Each structure stands twice: as structure tokens, then as C-alpha cells.
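Marked as domain 'PhoU' by TrEMBL: B:20-108, B:124-208.
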Number of protein chains: 2
Amino acid sequence: MGEHTVASFDEELGSIDQLIRDMGALSATMVADATRALLSSDNPLAQRVISDDAIMDAKQRELDEQAITLIARRQPMAQDLRAVVSAIRMASDLERIGDLAKNIAKRVGAVGQSATPKPLAHSIDSMASLVHDQVKNVVAFYAERRSEELPALRADDEKIDIKYTAIFRELLTYMMEDPRNITACTHLLFCAKNLERIGDHVTNIAENAYYVMTGRQLPMSRPRVDETAVSDAAG
Amino acid sequence: MGEHTVASFDEELGSIDQLIRDMGALSATMVADATRALLSSDNPLAQRVISDDAIMDAKQRELDEQAITLIARRQPMAQDLRAVVSAIRMASDLERIGDLAKNIAKRVGAVGQSATPKPLAHSIDSMASLVHDQVKNVVAFYAERRSEELPALRADDEKIDIKYTAIFRELLTYMMEDPRNITACTHLLFCAKNLERIGDHVTNIAENAYYVMTGRQLPMSRPRVDETAVSDAAG
């Protein structure tokens with residue numbers, strides 16, 4: 001073995017990082033496409049998101065395989081090992097983001113052609129665009145090792161939660177106004193909840209990325225809050 | 001080091017397995033308690049589920065630390081490495097089951113005292129009891145290395161999906177009947193969805209456990225279906 005040119009540990013980790021960047025780019029696209037498909041009843045686009053999810057799954061399996069092979073062959077010590085384990089965790093969060101985007105895409109048919117009221121469509125679009133940027137940025141900050149950007153990025157998850165709570169209340173109003181809205185609004189509710197959960201996965205990725213880069217936990221860990229899941233939303 | 005009595009790899013893996021058993025037992029209890037709290041508006045019990053989730057998180061961190069230390073010190077080869085990586089994944093699924101149970105508990109206040117209609121309460125209770133048994137059994141089958149039980153266990157996830165779809169439709173009916181039901185029913189809808197998702201995590205655990213025990217994939221992987229998220233539910 002010694003006479004071969006052997007790639008360094010960092011080079012092999014670089015190949016794993018490339019998979020994370022690919023998964024990050026694809027999952028951000030899936031979030032944007034799923035939302036566009038939902039708000040414009042675009043079934044072919046929804047289908048593309050659904051098939052993109054198979055690519056995400058394949059990339060995650062590839063990353064897992066590479067990571068395990070790397071650990072087995074290189075037997076890295078504490079810090080390098082943590083980098084590989086963190087990559088496995090980030091890939092798992094990205095894969096779940098893809099899953100959640102796929103779930104939005106699968107509801108496009110159920111929501112149907114019934115035009116989503118303009119203000120509601122605007123709220124959902126604005127929430128999705130924030131979520132999309134968060135997904136894109138967290139992977140960019142990880143890839144470019146810009147740890148100093150991560151605290152503000154994680155703090156922005158609160159903006160997503162605030163938008164989710166507003167959409168939740170808006171949807172309840174539409175449902176109460178007219179029972180014929182209930183089925184479609186129920187599916188939109190799950191879509192909004194999925195976007196909120198994507199934000200939580202971004203938070204996980206930010207925390208993992210920060211830890212790998214700095215060896216420290218992101219200060220002042222923020223609890224993932226769904227404000228609608230507490231008693232004050234009952235009224 | 002050589003003169004110390006060094007625990008074997010299997011003994012160290014045994015300590016990780018014990019954490020999985022602990023997490024499995026606690027998450028099953030959390031599912032049962034959260035559902036009981038929800039259906040009997042028992043706020044103190046809901047609080048206990050919420051605090052149990054912190055124990056789950058601590059156990060997962062402990063397992064992760066032990067697993068990483070084990071990999072770093074023992075540098076296990078392919079098969080042993082896969083056992084450790086699978087344990088990390090199973091713990092992550094169990095931690096998410098705890099999260100989902102906590103989320104149900106957090107909705108107890110929002111659903112409020114408004115009595116859940118008897119037939120609906122019965123449906124939710126029956127679904128939760130199936131989910132509870134699945135969580136308990138998958139961990140038992142893993143702990144006792146009963147791989148032959150896992151195919152049937154995974155197939156039973158379909159029963160959970162069928163119950164979820166029925167509850168989804170039942171809830172839409174109550175919402176359409178009386179707009180005053182909408183807020184409570186929306187929270188119950190998320191609770192039912194959480195139970196359905198716990199079933200998906202059981203499926204993940206079964207697949208991981210089977211692979212570790214047999215070296216093969218569980219045959220005929222079943223897609224995780226949410227029947228309500230397709231167009232036929234739009235009617």
C-alpha cells in the first residue's frame with residue numbers, strides 16, 4: 001500500500017464534504033420547487049420534487065458508506081472522528097429536509113386547484129423563501145468554514161417560527177369561515193408545519209457545523225418552539 | 001494499559017445496547033403517557049412527558065459519546081463498526097420518538113377540556129396503543145436478537161397508517177360539523193400525525209436492527225405512506 005499515492009484524510013473528508021454540498025443544493029431547490037408547485041398547482045413540478053428525493057436518499061447512502069469506510073481504514077482519532085460523525089449527522093438532517101419537501105409536493109394534488117387566498121399564498125411563499133435561504137446558507141457557511149455566521153443564522157429560525165404561527169392562525173380563520181376550505185387548509189397546515197420543521201433541521205445542522213469548526217457548542221441553545229403547540233393557541 | 005483488565009468489544013457494545021433498551025422503554029412510556037394526558041386533559045402527566053424528553057436527550061448524548069469513544073479506542077473493522085453506527089442511528093430514531101411524544105404532550109393544553117368525542121377518543125387511543133406496542137417490541141426484538149420477528153413487525157406499520165387515515169377523515173368531519181371544533185381538532189390532527197411518524201421511526205429501527213443481526217436488508221422495503229397526502233384525500 002505504501003507505494004501507492006494515498007489520498008490524505010483531508011482529501012477523503014473533502015469528498016464527503018462535496019456530498020454535503022450537493023445534498024444542500026438539492027434540498028434547497030426541493031424546498032423552492034415544492035412551494036412553487038403547491039402555490040401554482042403544478043403537478044409535474046411536484047413529481048420532480050418527489051423523484052429528487054430518491055437522489056437525496058442515494059447521496060445519503062453514498063455519504064454513509066464513504067464515512068464508514070473512512071473511519072474503518074483511517075481509524076481517525078478524536079477530532080477527525082468527530083468531523084466524520086458530524087458529516088453523517090448533517091447528511092441525515094439534509095435527507096430529512098428532502099423528505100419534508102417531498103411531503104409538501106405530495107400534497108399538491110390534495111390541495112387541488114381551489115385557489116389559495118392571495119394573502120395566505122403570500123404568507124406561505126414568504127415563509128418558504130426564508131426557509132430556502134436558511135438551508136442554502138447553512139450549507140454554504142459550513143462549506144466555507146464561516147463559523148462566525150452561524151449564531152445569527154440559527155437566531156433567524158425564530159423568524160420562521162413567527163411566520164408559522166401567523167400562518168397557523170390564518171388557516172384556522174379560513175377554516176372557520178367556510179367548511180369547504182377545511183380539507184385544503186388542513187393540507188396547507190401540514191405544509192407550513194413541514195417548513196417549520198425544515199427550519200429545525202437547519203438549526204441542527206448549524207449546531208453540528210459550529211461544533212466541528214470551533215470545538216465549542218453554539219452559545220445559548222434556543223429551544224425549537226412551536227408556539228401553536230402551547231395552551232395560549234387554544235383560544 | 002495491557003496489565004489492566006480490559007473489557008471486550010462486546011462488553012462495551014453491551015453498555016451501548018443497555019442505553020438503547022433504556023431509551024426504548026422510556027420512549028414507549030412517553031407515548032402511552034402523552035396519549036393518556038391528551039385524552040384525559042391531564043396537565044401534570046403532560047409535564048412529566050415533557051421532562052422525560054430531557055432524559056431521552058441526555059441518554060442519546062451519552063450513547064453517542066460511548067459509541068465515538070468505542071470507535072476511536074477499538075478501531076473496529078467493518079462488521080463491528082456497522083453495529084456501532086447502527087446503534088447511533090437507532091438512538092437517533094428513539095430520540096425523535098421521544099420528541100414526537102413530547103410534542104403530543106405540549107398540545108394537551110391547546111386541546112383543552114373540550115371533551116374529545118367518544119368515538120374519536122377511542123380511535124386515537126387504539127392507534128396509540130398499537131404504536132406503543134410497536135416501539136416496545138422493536139427494541140425487545142433487537143435486544144433479544146430476534147431478527148425473525150422483524151418482518152412482521154415492520155408490516156404492522158401499515159395498520160398504523162390505516163388508523164391514521166381513518167382518524168384524519170374523522171377529524172375533518174368534526175371540523176365541518178361545527179367550526180368551534182376546528183382549533184382542538186387541528187391539534188388532534190397533529191397528534192395523530194405524530195403517532196403515525198413514530199411508526200415510521202419504528203420502521204427505521206426495525207430495518208437497522210435487521211441489518212445488524214443478519215447482514216441483509218429487510219426484504220421488500222415498504223414505502224412510508226401517508227394516504228392522506230395524495231390526491232384522493234382531497235374529496
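Using N, Cα and C of the backbone, Cβ positions are placed for all residues, glycine too.
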**Message:** Is it possible to list how many residues within the domain 'PhoU' (B:20-108) are helical, extended or coil according to DSSP?
**Reply:** 82 helix, 0 strand, 7 coil
**Fill in**
For the domain 'PhoU' (B:124-208), the DSSP helix/strand/coil residue counts are 80 helix, 0 strand, 5 coil
**Asked** Which value does the mean pLDDT take for the domain 'PhoU' (B:20-108) in this predicted structure?
**Response** 93
